[in-house]
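Record features (TrEMBL):
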| type | residues | note |
| --- | --- | --- |
| DOMAIN | 4-99 | domain 'Pyrroline-5-carboxylate reductase catalytic N-terminal' |
| BINDING | 8, 9, 10, 11, 12, 13, 70, 71, 72, 73 | NADP(+) binding site |
| BINDING | 57 | NADPH binding site |
| DOMAIN | 162-265 | domain 'Pyrroline-5-carboxylate reductase dimerisation' |
Ligand SMILES: NC(=O)C1=CN([C@@H]2O[C@H](COP(=O)(O)OP(=O)(O)OC[C@H]3O[C@@H](n4cnc5c(N)ncnc54)[C@H](OP(=O)(O)O)[C@@H]3O)[C@@H](O)[C@H]2O)C=CC1
Ligand SMILES: O=C(O)[C@@H]1CCC=N1
């Protein structure tokens, strides 16, 4: 791919994407330019990635064929006001922000903008991202393929109906946070029983990675995979029983409900 990719905002999510893109080798460092609010962040970015950086959002806007808006939802309006007259006529604008809709982007840019709404996640950093994307009618099939190629360079990506976008953070955008909590808790339990902490993290994280791969690669129902671990009258079913008793699944569903409620309030 030869196009130029810009990022306005270089925080945690943008840096995860940059790392994933560059590690894939699909896009070279010369094809990426980023901006941020502070010089401190751009210095950090430059320490990790040999890419162009600037404090000037307009410079990124007029340079980019694919322009990521990687700022928080409530910063989108001020950034768009600043850059909207500078973007290329055929630029594809990609927001990664929770709650920012395609219709809102179209109205804020006040022109026939090509817009993509996306929800990536931080495992993009290691090339294992999961991103959901919706595009507006002005994005051509070829442009959609290019956007998918960018997102697939750092993990998996799928187009979904925009109506479902508010529900994606709870299941894949935010969920790495709860999975990290789960891994931390597993490791704490191991440490409690005397396993050295570093080994406990490794055993816990590899068990989560392996379990996820089993779901993705066997095609078996997660319940069936769970059943395969539970030896009748054995130890695992005791753990499963205790998790049910303490509302494990209900806690996850409640967390997701609250996450989705919050997304609705983040709409600009
Ligand atoms: N973190 C995550 O796991 C995910 C986040 N997202 C979305 O990504 C977006 C960013 O989140 P996240 O990376 O976590 O947040 P961060 O706070 O880490 O990053 C925000 C970035 O925006 C920059 N910024 C703020 N104001 C401006 C401005 N006026 N012009 C240019 N840059 C500006 C900040 O600059 P500086 O660093 O200099 O202050 C910072 O680099 C959000 O919209 C969020 O919904 C989506 C999926 C997952
Ligand atoms: O916490 C947030 O609002 C963002 C959206 C998904 C992950 N982080």
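For all residues, glycine too, the Cβ spot is worked out from N, Cα and C.
Annotations in TrEMBL come from automatic prediction, not curation.
The model shown is predicted, which means the values in this text are computed figures rather than measured ones.
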Notebook entry, point to check: Among the binding-site residues listed here, 12, 72, which has the most company in the form of other Cβ atoms within 10 Å of its Cβ?
Noted result: 72
Note to self: Going by DSSP, is residue 57 (NADPH binding site) sitting in a helix, a strand, or coil?
What the structure shows: helix
Check: Cα of residue 12 (NADP(+) binding site) to Cα of residue 57 (NADPH binding site): how many Å, rounded?
Finding: 18
Check: Could you give the Cα-Cα distance between residue 8 (NADP(+) binding site) and the residue listed as 'NADPH binding site', in whole Å?
Finding: 6
Check: So for the residue listed as 'NADPH binding site', how many other CB atoms are inside 10 Å of its CB?
Finding: 23
Next item on the list: Count the other Cβ atoms sitting within 10 Å of the Cβ of residue 70 (NADP(+) binding site), across every protein chain shown.
Entry: 28
Notebook entry, point to check: residue 57 (NADPH binding site) to residue 10 (NADP(+) binding site): how many Å between their Cα atoms?
Noted result: 11
